[in-house]
Amino acid sequence: MDTKPIPSLLIRTDASEEIGAGHLSRCLALATELRTHFADIRFLGHIPAMKLADLVKKSGFGLRTLTSPLASVIDDADAVIAYCAESDFQPDVVLTDHYDITAEWHDAIVEGLGAKIAVIDDLADRQQRCDLLIDQNFYLEQDRYAGLVPPEAVLLLGPRYAMLRPEFSQPSAAYEGLTKDIDVLVSFGGADQKQHTIRTIKALSQLVPSPAACIVVGAMTPGQDRIMELCNSAGFELHIQTSEMARLMHRSRAAFVACSSTVWELAMMGVPTIITESEPFQATLANDLEQAKLILRLSPIDDLNDSQLSEVLGEALAQTSTLEENASRIRQLMTGSDVYGARAVATQIAGLCARHGHA
């Protein structure tokens, strides 16, 4: 009996000191689930940090790194098409997670490769010529993508589609029984160019009594020597580019993080969470989470001076009941269906191939 070839997938995303590692992290989580649907999954992007590039390779995926961000979307699309030609790679689906990629890029890829297009986005601020779009965040406005994607595009919207690594979406029984010995877990993502971590360490060290804090930073975070010095002085636990984030969350009574994908990891793990915006584009999501009583939100960290940050953070950590109620509501939002998370997204992306002529 004739069998059709198992399809292949190309993922176009970046990770750098400027944009952090969030795009790459959720693409890796999704790629892990997509293994059962695709025979060949490859990453292509500007990923200058060797630790992150190695993470892609160690996860078992092919990687071609771009030496620098390209001058235009068409130059970028041409580079993707050239890579596929020179490596004799014919992806059935091209997945993008990149704020600078637009419909013009998608059109060039469809013309050059004939692939289906899947997009991961948060912003809803530009035209996307895609077959499927995923936005894992929570927004009160339900029609943010109206007029921005083709009317026939499949939309996967909301935290039900949060793309988390298995250690978050399928917690190990080994974590059960871990002592909750961390009062507050702090993370500002993989880069933290504005050095909000340093400000938060100082703010927490001013509280009386000082909490048992755990500070997590990424490989690209600047000022790591200073962070180590401050943590040693305050007696805070410090982890740099850790692979033990799920375990740290299980040990935590609360968390203080930027309004990023870490919010969904914490929500799945049931950790009461306090958020702040570290970038202006996070404001809408932060506001909507607050309005729906899913999260406790502080003012944007850049709007607070050091003493104000210490004061409001101390007050927020004291709101134990509110934090726990929010944590229960947001987890239910994510898990309130039989199939959710990266697995639900992977099934939909695989469905594109069924419509594209694969079994």
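Cβ atoms here come from the backbone N, Cα and C positions, even for glycine.
Here is what TrEMBL says about this protein:
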{"type": "ACT_SITE", "residues": "HIS23", "note": "active site, proton acceptor"}
{"type": "BINDING", "residues": "ARG165, SER260, SER261, GLU265", "note": "substrate binding site"}
Requested in this report: Check the recorded positions HIS23, ARG165 for other C-beta atoms within 10 angstroms of each C-beta and report the one with the most.
Outcome: HIS23
Query raised in the report: Which residues does GLU265 (substrate binding site) neighbour through Cβ under 8 Å, counting only same-chain ones at least six apart?
Result: LEU164, PHE168, MET245, ALA246, MET249
Query raised in the report: Which residues, sitting 6 or more apart from SER260 (substrate binding site) on the same chain, put a CB under 8 Å from its CB?
Result: GLY20, GLY22, GLY189, SER278, GLN282
Requested in this report: Starting from the Cβ centroid of ARG165, SER260, SER261, GLU265, the recorded substrate site, name every other residue in that chain with its Cβ within 8 Å, sequence order please.
Outcome: GLY22, SER25, ARG26, ALA29, ALA162, LEU164, PHE168, THR262, VAL263, TRP264
